[in-house]
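To start, the structure under review is shown below, and the notes come after it.
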């Protein structure tokens, strides 16, 4: 029985080995083919199948011994492989680091260095060290200026006559050169700079307004530019005045004075001060003149105004109202220097004594005196306006005293003040019954019918 069990056990072991050998992968192991641990584990599994405990214990011992021996044999191999992998990783990191540095310092655009910047030894200035870009730009500008100066000197020299002859041009080129207009020199151009004339006119809606404004507009239209016409109306902008200014052909500004009063003198003061405030606000630089619409002007007086530096005056012909007598009021001059005054005070005994006996239509001044007192050595807080107090010409005289202190500061116009260019004739009738705007909305009755 014992022998039969052993034979059957041996037979089962052989069969078990054959059965397990059928499931073994015949492909070689990637690391170690049929190592000792592999053989031990194979025997262990075969003993488990055969259920032989004595053989199983021996197989376990041999498998354990094989595993221990494999650990001892693999430990130096693993340490060597780990060392090789660390070195390889460090080498890769070093290579990547160097490539990154190289890319970081590589310029992304081409630097164009001028060939003119060359040192004495024939080398570029950045061969020996860092270059200051500002210094390089300065050297480039210096070299360019030197080259331009040398070219100008070469052109200015008398040796230009020895230059080689100019090659002959084609017929088309010759025609083009002859037809091209020559550019004149700037010194040959006849350019005259004229001062701005600021003409202030006060007006109100009344029957003779259209006549006065149109007459003055035609005179101003003949004056050479630049000219600005400041028309100040009370109390509102009327359609009639706006139409006259729009059709005048003169550059204008339509201002209004809204003072609530019925005094003609106070209304005129408000209108003139409105124009003065407008000039101060916008800092208009020119020659300012109060041109009343009732006055008759020659266009020559406006051209004479442009000669004024600070303050200028001229004689005015005034109708006194005594029969047909006309008196000249204004300065007496020797050249352009004022030596005395003509006045109507001898005719009108009741008139007050004036420091400067001249009306608004007889003087003009530089508008910067209104808003730039430091330029004319005047107190900064001394405001120049027209005051409502004063009759018989005192209003104009007090206004002039704000601008000048002595006749030496006044320029007489024209030369020797021997020409009358302004007339003051009061020809306006007291009352007229006229249609508004001098426009007829319906036909009048026929005085002489057509038969």
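Using the three backbone atoms N, Cα and C, a Cβ is placed for every residue, glycine included.
The feature transmembrane segment, as given by Swiss-Prot for the ranges 47-67, 68-88, 89-109, 110-130, sits at 89-109. In the structure shown, across all protein chains, 366 is the one of the glycosylation sites 260, 366 with the greatest number of other Cβ atoms within 10 Å. Not one residue of the same chain 6+ positions outside the transmembrane segment (89-109) places its C-beta atom under 8 angstroms from a C-beta of that stretch. In the predicted structure, the topological domain 'Cytoplasmic' (1-88) carries a mean pLDDT of 54.
Of the recorded residues, residue 260 (N-linked glycosylation site) and residue 366 (N-linked glycosylation site) place their C-alpha atoms 31 Å from one another.
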